[in-house]
Structure formats: structure tokens, C-alpha cells
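As recorded in TrEMBL:
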- 37-255: domain 'Nucleoside phosphorylase' (DOMAIN)
- Ser44, His75, Arg95, Val96, His97, Ala127, Ser231: phosphate binding site (BINDING)
- Glu212, Asn254: purine D-ribonucleoside binding site (BINDING)
Amino acid sequence: MHTEGNMHTKENSCCCSFEDCKLTTDWLLSRTRHRPKIAVVCGSGLGLLADDVTNKQTFSYEDIPNFPVSTVPGHEGRLVFGHVNDKACVFMQGRVHLYEGYSLCKVTFPVRIFKLMGVETIIVTNASGGLCEDFKVGDIMLIKDHINLPGFAGQHPLCGPNDERFGIRFPCMSDAYSKDLRKLAMSVSSDLGYSNFMREGVYCMVSGPNFETIAEARMLHVLGSDSVGMSTVPEVTVAKHCGLRALGISLITNKVSLDYSPRGEGQP
Ligand SMILES: O=P(O)(O)O[C@H]1O[C@H](CO)[C@@H](O)[C@H]1O
Ligand SMILES: Nc1nc2[nH]cnc2c(=O)[nH]1
């Protein structure tokens, strides 16, 4: 049976096999002495998170075998190895998204590379739209849970044959975002005097690339979403699958309109 293009058939193997991941991991390990324990995925416009890294060594995504290449503005497209304080880290300055045309397998490929390199903790960041009425632009929302909307429709990074070397067939997602890391992040934010713009909430992933209609935004809000974006959920899902501790951080870059009336913006 010819199955090209059908991601749910048995014959379809993942486009990023364990062997592909191993090849990329070995390529990186043979070119850097860094052995990061923490990985940070920088969301749109958040590449500056890697600015303070010391002992930097960088690799362009296009030079790394099998690595997906960012195509959207605000995503530089390089891996930055180094240290933050005394912690060995790797930063992804830029990610790729489903709407760019990448499979979710490819979108989450870097997460598995980090796991194979010895990373234990991943911090996934994003720019998102605020649905919660209390949120203001500039707020930082620690993600306590997510809604995987594309996943409900079969766009899921773990669809297809499960390779037990990464993780189990039916991973639990009820604790995908580490409670301990969220507690620590809140405590550090409070020490830094950031409490008045720190929030906690539920992030909803949509595929994009368009922003929400007002009716869609209302629906997401009613479903329990506090913010919405087009990333993060696949990476965290794959991180949980392969046993990484995850922290999710959403920067609220805009308020999503839930109302037809103000400034006459809503069409219907
Ligand atoms: O989620 P990150 O990569 O931060 O990007 C967010 O910003 C872009 C929209 O401006 C979308 O890609 C959305 O997901
Ligand atoms: N879907 C979606 N993604 C975003 N990324 C940043 N802001 C938004 C938004 O309002 N909606």
C-alpha cells in the first residue's frame, strides 16, 4: 500500500527517526565541548534571552544536519551554547512552527536532540495573545497547563509509530509543566520585584498563521484558555514524552479582542 502523505498509517515512519536524532546529536557533541543541562527555546522576538550567555559557541540551524531552519522574522535561527552564571545551557534563538510548513515531528526535533545531549530541563518561551481580561501587554504568564487544539485534530507530534527509546506510547500530560519549576520561577520573580506583572495560566495552541476571529477568541476563552499562540505545546509534549522537566513562559504581547463593539473593530 502506498501511504505517502497520510500520517496515520502504520507504514508512515517519523521523518525524524532515532537514527536521525543520533546523527545530529553526535554531530553537535563532536563539535562542542559544552554539555548543557538546561535548554531554552526563545519565542518570537525573545532571542535576546541568549544575550547574557558567556563562553558562547553558536551554530546556524542551516549548518546542523537534519535541523529545521526558521523562516519567520524574530527567529534568528541559531543554537547558542554557553553558561548562564555557572549553569551549562543551550539556547535556541528561534524556533520553527507548524504554519511554516514543517511537520510537528520536525518542529520538535531539537527537543529530542537536547535530550540525547544530556539536557534535563527545558524552558520553552513564546509571545502570545492575552485572552484573560485581567492580563496586560507586557505581563509574563507561567504556563500551568495547555490546550492542544491542533492535537485534537490529529496534528500531534507523537502521532505515528512510537519509539520506546524516546518514551512511552501513552504519556501522561496532566503534569507537563513542572510544579517545582513554576514555584521557583514565582519565588525568583518576587525577589526581583516582578510580582505585579507575573501571572499563571493556561496556554492554548492554534496552528495559525492567522490570528483569531472574535468568535474563535471567545470560544478559546470559554474553553479555559488564558493566552493563545502558535507554538510551545508540541515542544513541551515531546519534552514530557522523553522525560524532560519543562517550564513554559508566555510573554503577553497583545490583548486578543473578545468584543465586537470597541472602536468598531469587529466586522459581524
Ligand atoms: O510562539 P512564538 O514562536 O513566540 O511566536 C508567536 O508569535 C507569532 C505571531 O506573531 C506566532 O508564531 C506565535 O506563535
Ligand atoms: N494565535 C495567536 N498567536 C499570537 N502570538 C502572539 N500574539 C498572538 C495572538 O494574539 N494569537
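Yeah, the Cβs are placed from backbone N, Cα and C, and that goes for glycine too.
With a CB cut-off of under 6 A applied against ligand 2, the binding-site residues Arg95, Val96, His97, Ala127, Ser231, Asn254 are reduced to Ala127, Asn254. Neighbour counts were taken at the CB atom with a 10 A radius for the binding-site residues Ser44, Ser231, Asn254; the maximum falls on Ser231. The binding-site residues near ligand 1, defined by a Cβ under 6 Å from one of its atoms, are Ser44, His97, Ala127, chosen from Ser44, Val96, His97, Ala127, Glu212, Asn254. Ranking the binding-site residues Val96, Ala127 by how many other Cβ atoms lie within 10 angstroms of each Cβ puts Ala127 at the bottom. A strand conformation is recorded for Asn254 (purine D-ribonucleoside binding site) in the three-state DSSP classification. Comparing the binding-site residues Arg95, His97 on other C-beta atoms within 10 angstroms of each C-beta gives the minimum for His97. Cα of Val96 (phosphate binding site) to Cα of Asn254 (purine D-ribonucleoside binding site): a distance of 21 Å.
Comparing C-alpha positions, Asn254 (purine D-ribonucleoside binding site) sits nearest to Ser44 among the binding-site residues Ser44, His97, Ser231. Spacing of Ser44 (phosphate binding site) relative to Glu212 (purine D-ribonucleoside binding site) is 18 Å (Cα to Cα, whole number). In this structure, the C-alpha atom of Ala127 (phosphate binding site) lies 15 angstrom from that of Glu212 (purine D-ribonucleoside binding site).
Within 10 Å of the C-beta of Glu212 (purine D-ribonucleoside binding site) there are 20 other C-beta atoms, taking all protein chains into account.
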